[in-house]
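Participant: I have a structure here, written as structure tokens, and I will follow up with some questions on it.
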Amino acid sequence: CFGFPLSIFFIVINEFCERFSYYGMKAVLTLYFTRFLHWEDNFATAIYHTFVALCYLTPILGAIIADSWLGKFKTILYLSIVYAIGQTVLSVGSINDLTDHNQDGSPDAIAVNIALSMVGLVLIALGTGGIKPCVSAFGGDQFEEDQEKQRSTFFSLFYLSINAGSLLSTLVTPSIRASECGIHTKQECYPLAFGVPAVLMAVALVVFVIGSKMYKKVKPQGNVMLEVSKCIGFAIKNRFRHRSKKFPKREHWLDWASEKYDKRLIAQIKMVLRVLFLYIPLPMFWAVFDQQGSRWTLQATSMDGNFVEIPNFFSHVHLLQIVNPILIVIMVPVVDSLVYPLIKKCKLNFTPLKKMTVGMFLGSMAFVAAALVQVQIDKSYPVFPAAGQAQIKLINLGAVPATVQFQPKLQSVDVAPNMETGYMTFETSKLQSLDIISANQNKTELLKLLQKHRYTLAFKQGPMYIDSRLVKDNVTSKPKDGKSLVRFINNFNVTINVTMDNKDFGTLDPLSVSNYSVIQNPGWSYTISASVPHTCTVSSKQFGYGSAYTISLDNCVENKLIITHFEDIAPNTVHMAWQIPQYFLLTCAEVLFSVTGLEFSYSQAPSNMKSVLQAGWLLTVAVGNIIVLIVAGASAIQKQWAEYVLFAALLLAVCVIFAIMATFYTYIDPNEIEAQFNKEEKEEDKKDQDGNGKEAETDSHL
């Protein structure tokens with residue numbers, strides 16, 4: 001079809017569906033850990049990077065199975081089944097109602113959900129990692145030797161299908177997650193967010209099987225990685241045996257394998273080891289790069305996502321995650337067709353290793369940008385009372401001004417009608433009472449405040465006396481994950497029933513306060529209803545991300561509810577748009593580092609060892625994620641911006657080391673070296689044939 005083997009279209013479609021499945025699941029994984037399983041940020045980050053590391057360790061296993069046992073087709077087939085099962089198990093494990101026997105909205109046995117989730121993730125890691133080195137190589141096997149141009153186009157299509165699957169899934173699955181589903185209680189829909197990738201993986205498997213009769217299936221011919229490992233092991237063992245000074249030194253330590261292995265294999269391994277040596281600093285880049293799915297996602301939850309109009313079913317937290325795949329799709333052709341040719345015209349020798357060095361530098365700068373954003377976020381956080389302290393806020397719900405005096409003679413505050421004060425901090429051992437003075441009335445409120453807590457005192461002047469209500473806020477930190485909190489205070493003189501959309505806040509007596517309730521989507525508008533006794537309604541304003549409000553229900557005029565918003569915790573003020581520079585820098589770094597690194601590895605590897613270097617490249621990704629695990633688990637750094645600076649400094653230091661290593665690297669052409677070996681082998685064969693011919697002639701004379 002169009003000069004291509006028909007089978008490759010099944011492989012490209014299979015890759016698109018598989019990448020949709022993987023990136024769709026991965027896009028919501030960190031929030032699943034923190035919001036559904038209620039894990040701490042550091043622990044969620046550790047598990048996330050453990051999973052990613054496992055996904056990049058298993059390709060070695062997949063390559064060994066494919067090359068030495070099952071072949072590429074059967075390896076892809078069997079591990080895809082494992083993959084689909086893993087996605088299904090993860091989806092089932094995220095069902096809230098699975099163990100919610102008392103129907104209160106929380107699993108009664110969260111350990112069951114955790115166990116199923118972990119089993120699912122392990123199976124997914126085995127599946128996606130195992131097929132990773134096989135699919136592209138299996139596609140390349142479908143072409144004949146004279147179809148180099150078509151093969152090159154196939155790899156471009158293959159890369160495009162990866163990014164298309166990533167982009168589409170990063171758009172779709174977060175919006176599914178933001179919707180609400182459930183049997184007993186409606187919550188974020190993780191079962192469907194994981195279920196859709198499971199269905200796509202099943203589709204990928206079906207598409208791959210449909211094309212089975214069209215595939216060219218190359219039989220396994222022994223694993224090159226095993227052969228390389230054996231040769232290196234023999235060289236080390238042989239060198240150790242001959243460590244005495246009486247044995248002459250050899251030019252390279254691998255030459256000690258020449259007693260058992262031929263010169264061509266030893267020369268090829270030398271080429272591979274030279275490149276693998278350059279790989280040593282590379283994991284630090286991946287340690288930085290893969291944090292956009294963990295730390296940067298958590299950073300976005302502390303920011304204001306209300307900067308563009310998007311559908312209600314979509315999550316602002318995931319909005320910036322699509323920036324990377326969009327920029328990749330745009331920048332790869334732009335850089336290849338515009339930037340690199342311009343650099344070449346300027347007669348600058350921008351070698352692959354120099355490109356990778358610049359990529360590492362830009363990655364470091366991306367984390368400097370992330371640290372600067374985090375500093376601004378930290379400045380916007382409220383200050384909560386420390387040990388030995390309490391905070392109190394005043395709300396005047398009356399129609400006349402009032403003065404509040406904190407006793408014994410600590411402070412005096414004037415409060416205007418229908419207004420509030422900010423939270424004021426007092427030593428719990430000193431504050432004993434307060435006096436409320438309004439018009440000709442006076443009331444003393446005795447206080448016994450608990451340390452490290454916030455309180456709200458609501459009051460108003462009545463016809464005969466001042467009515468007041470002191471409540472403990474029960475909020476000790478800013479709401480996480482960009483959610484907001486809201487509670488209601490009844491300013492009517494009668495008992496009322498309050499609802500907000502489908503949420504019932506119950507019956508409130510005059511001047512009583514409801515408990516805080518979580519607002520999952522602060523960017524939405526909600527309908528507030530109060531029965532007084534007839535129903536009055538009003539649409540609330542949008543609640544800011546990460547905020548807390550007390551809403552006073554004041555009056556009802558022509559069935560319209562009159563309300564007042566009091567801000568208990570200010571919403572997030574740093575826009576998510578400030579994350580765009582760090583995403584842009586990291587995407588530039590990816591184009592220069594990752595794409596160039598793959599090209600460099602391919603060009604410097606012998607023809608039969610390209611899979612070895614591919615496995616080595618993927619291994620650097622795994623080690624990078626292990627570095628994040630170590631830092632997140634062992635670091636005593638309390639401030640997130642300081643951790644960003646630490647990673648930026650480490651990557652910058654590694655960048656300098658890599659630049660120095662690159663200056664000593666000499667580029668080679670493996671094809672020329674192999675051609676030289678071929679020539680020498682032909683000459684030796686010719687000599688052998690000539691020798692055999694002379695022996696035959698002598699034999700005939702005899």
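Keep in mind that glycine also has a Cβ here, set from the backbone N, Cα and C atoms.
A TrEMBL annotation is a machine prediction, not a hand-curated record.
Pulled these features from TrEMBL for this protein:
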type	residues	note
TRANSMEM	46-64	transmembrane segment
TRANSMEM	76-95	transmembrane segment
TRANSMEM	110-131	transmembrane segment
TRANSMEM	152-172	transmembrane segment
TRANSMEM	192-211	transmembrane segment
TRANSMEM	271-289	transmembrane segment
TRANSMEM	322-343	transmembrane segment
TRANSMEM	355-375	transmembrane segment
TRANSMEM	615-637	transmembrane segment
TRANSMEM	644-668	transmembrane segment
REGION	678-702	region 'Disordered'
Participant: Going along the chain, which residues at least six beyond the ends of the transmembrane segment (355-375) come within the CB cut-off of under 8 Å?
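Facilitator: Contacts of the transmembrane segment (355-375) (Cβ under 8 Å, skipping residues fewer than 6 from its ends): 284-285, 288-289, 295-296, 299, 303, 574, 578-579, 581-583, 585-586, 588-594, 596-597, 600, 639-642, 644-645, 647-649, 651-652, 654-655, 658-659, 662.
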Participant: Do the transmembrane segment (110-131) and the transmembrane segment (46-64) share at least 3 Cβ pairs closer than 8 Å, excluding pairs fewer than 6 residues apart in sequence?
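Facilitator: Answer yes, regions in contact.
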Participant: For the transmembrane segment (615-637), could you work out the same-chain residues 6 or more beyond its ends whose Cβ comes under 8 Å from its Cβ atoms?
Facilitator: 42, 45-46, 49-50, 52-57, 59-60, 63, 132-133, 225, 272, 275-276, 279, 282-291, 294, 597-598, 601, 643, 646-647
Participant: Give residue numbers and ranges for long-range contacts of the transmembrane segment (152-172): same chain, 6 or more residues beyond its ends, CB-CB under 8 A.
Facilitator: 4, 8, 11-13, 15-24, 27, 136, 139-140, 142-143, 196-197, 200, 318, 321-322, 325-326, 328-329
Participant: Counting Cβ pairs under 8 Å to the transmembrane segment (192-211), which of 46-64, 76-95, 322-343 comes out on top?
Facilitator: 76-95
